[in-house]
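Novice: Sending over a structure as structure tokens; questions will come in a sec.
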Amino acid sequence: MVLPNILITGTPGVGKTTLGKELASRSGLKYINVGDVAREGALYSGYDEEYDCPISDEEKVVDELENHMTEGGVTVDYHGCDFFPEWWFHAVFVLRTDNSILYKRLETRGYNEKKLRDNIKCEICQVLYEEAMLSYREDIVHQLPSNTPEELEENISQILGWIEQWVKDHNL
Ligand code: DAT
């Protein structure tokens, strides 16, 4: 059976991991967290002193994921989307969270003041949504609100419905 590849993207803290893992457990799709892949393989190109975190080597990450993506049936979670080959994804979901809610989530993570402020600004300026719209066909890019547990549930149902339809259409 042919299965689709899905990208879940958005500013850090919007709920990509929460949604991606739950979706994988309910849909049977594989879940790949790009941050974890980079960490496990030490796929880094340097260290960002300002944000106090390593910088992923995008080319190495793409090489590492290529085989999974060719096989299909993968949900990828990452706070960036412009360096993946366009053909990898059949749908791109950009999660969106209100500033005050996102602020609290990131504060809990212990982000420093600059990292916190910059991430909130990134969400306000819809940086990831615009990056997704520029990197993929606009009709495969969907924004989903991600503020409450109810919205999480609605998003999962919506994506499960989308997967079911895609599978029907591509396994005739
Ligand atoms: P990300 O992977 O985008 O960085 P996450 O999945 O780790 O985000 O979620 C950050 C925090 O927010 C975590 O404590 C779980 C919570 N969360 C995620 N989605 C939520 C939602 N729809 N409603 C309420 N809390 C949510």
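Using the three backbone atoms N, Cα and C, a Cβ is placed for every residue, glycine included.
Taken from TrEMBL, the feature ATP binding site covers Gly13, Gly15, Lys16, Thr17, Thr18, Arg109. Among the features that TrEMBL reports, region 'NMPbind' is placed at 33-56. The region 'LID' annotation in TrEMBL covers 108-118.
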Novice: For ligand 1, which among the binding-site residues Gly13, Gly15, Lys16, Thr17, Thr18, Arg109 have a CB under 6 Å from it?
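Specialist: Passing the 6 Å Cβ check against ligand 1: Gly13, Gly15, Lys16, Thr17, Thr18.
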Novice: Given the model, what does the mean pLDDT over the region 'NMPbind' (33-56) come out as?
Specialist: 95
Novice: Give me the count of other Cβ atoms within 10 A of the Cβ belonging to Arg109 (ATP binding site).
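Specialist: I get 11 for this one.
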Novice: For the ATP binding residues given in the record (Gly13, Gly15, Lys16, Thr17, Thr18, Arg109), what is the largest pairwise C-alpha separation in angstrom?
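Specialist: Answer in Å: the longest Cα-Cα distance is 15.
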Novice: Could you give me three numbers for the region 'NMPbind' (33-56), the DSSP helix, strand and coil residue counts?
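Specialist: Helix, strand, coil within the region 'NMPbind' (33-56): 7 helix, 10 strand, 7 coil.
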Novice: Including all protein chains displayed, how many Cβ atoms other than that of Gly13 (ATP binding site) lie within 10 Å of its Cβ?
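Specialist: There are 25 such Cβ atoms around Gly13 (ATP binding site).
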Novice: Please list, in sequence order, every residue of the chain apart from Gly13, Gly15, Lys16, Thr17, Thr18, Arg109 whose Cβ lies within 8 Å of the Cβ centroid of the ATP site.
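Specialist: For the ATP site the neighbour list reads Pro12, Val14, Leu19, Arg105.
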